[in-house]
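One structure below.
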Amino acid sequence: MGKTKNTSLDTVVTDFILLGMSNPPNLRSLLFLVFSIIYILTQLGNLLILLTVWADPKLHARPMYILLGVLSFLDMWLSSVIVPRIILNFTPASKAIPFGGCVAQLYFFHFLGSTQCFLYTLMAYDRYLAICQPLRYPVLMNGRLCTVLVAGAWVAGSIHGSIQATLTFRLPYCGPNQVHYFICDIPAVLRLACADTTVNELVTFVDIGVVAASCFMLILLSYANIVHAILKIRTADGRRRAFSTCGSHLTVVTVYYIPCIFIYLRAGSKSPLDGAVAVFYTVVTPFLNPLIYTLRNQEVKSALKRMTAG
């Protein structure tokens, strides 16, 4: 159990116990190995993309690959906030996390996660301009504007993380301190609050669920226009290249947004499926990004060959 301290008014929780995902004891060693390998490959894969974009002049001057480099950087940090805690759950080590550590984890999880959400929307907008407005693309989306938009996504993500962390931990926590989840996230932590959480659940629904759903709809709208434009391309090779580039992005976006919307539009849910669903956008998506963007992107593969040859 976690430590608590007594005050003249009530009992104040000073740390939380992250119980993690339920799993059979005989599978813990295997799960420890699987998640450790996923974490290492996630870091190495995204670092490779980041270095490739940075080192290749043909890539780091183009908005599409600036966004891809930023996505890889985000994936590395988001994975580092989440996966080590999941791995710890499969060991005999203490599952306790200090109150301040829980606040920091929730803040960085939502800061990085929402920034990634906005970044996916920017990537879809970039592809829409490149395919639907090819002649005006250099004017509508240049390196400077791309940098400004990325900075705006980071600022918006930081504000979002601050709002969620402040609203969650302004509530009193004076009773149970066992979090039935693998990280300090809003729905799981709110269940332990010694106060009414209706306002928090409403803000979570609007600020996360609705915003994520809106971004997802904007992305789908962008790709509906992209598909319409691709079908007008006369050459089969041109259509194949366009579908290949956009298909990889749409695959990642679907794996990321659907689980996210599923969880945060149901902020009051206590379903045991939530933890398993959350693994998709917290663990699987950062792991898949390097694979999808390298295996399905000819320019990145060519840049990798040039870098290794050089």
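Heads up, the Cβ atoms here are built off N, Cα and C, so glycines get one too.
Just so you know, TrEMBL annotations are computer predictions that nobody has curated.
Annotated transmembrane segment per TrEMBL: 30-53, 65-87, 107-125, 145-163, 208-231, 243-265, 277-295, in sequence order. Here TrEMBL flags 45-293 as domain 'G-protein coupled receptors family 1 profile'.
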Note to self: Against the transmembrane segment (30-53), which of these stretches has the most C-beta pairs under 8 Å: 107-125, 208-231, 243-265, 277-295?
What the structure shows: 277-295
Margin query: Can you see whether the transmembrane segment (243-265) and the transmembrane segment (107-125) are touching - at least 3 CB pairs under 8 angstroms, only pairs 6 or more apart in sequence?
Written below: yes
Check: Who are the chain neighbours of the transmembrane segment (208-231) in space, where the CB to CB distance is under 8 Å and they lie at least 6 residues beyond its ends?
Finding: 110, 114, 117-118, 120-121, 124-125, 127-128, 131-132, 160, 164, 186, 239, 242-243, 246, 250, 253, 257, 260-261, 264-265, 267
Check: Given the model, what does the mean pLDDT over the domain 'G-protein coupled receptors family 1 profile' (45-293) come out as?
Finding: 85
Checklist line | Long-range environment of the transmembrane segment (107-125) - Cβ separation under 8 angstroms, sequence gap at least 6 | finding: 64, 67-68, 70-71, 74-75, 77-78, 81-82, 141, 146, 149-150, 152-154, 156-158, 160-162, 164-165, 183-186, 208, 211-212, 215, 218-219, 222-223, 249, 252-253, 256-257, 260, 281-282
Item checked: Outside the transmembrane segment (277-295), six or more residues from its ends: residues with CB under 8 Å to it -> 21, 35, 38, 41-42, 45-46, 48-49, 68, 71-72, 75-76, 78-79, 82-83, 86, 109, 113, 182-183, 185, 248, 251-252, 255-260, 262-263, 301, 304
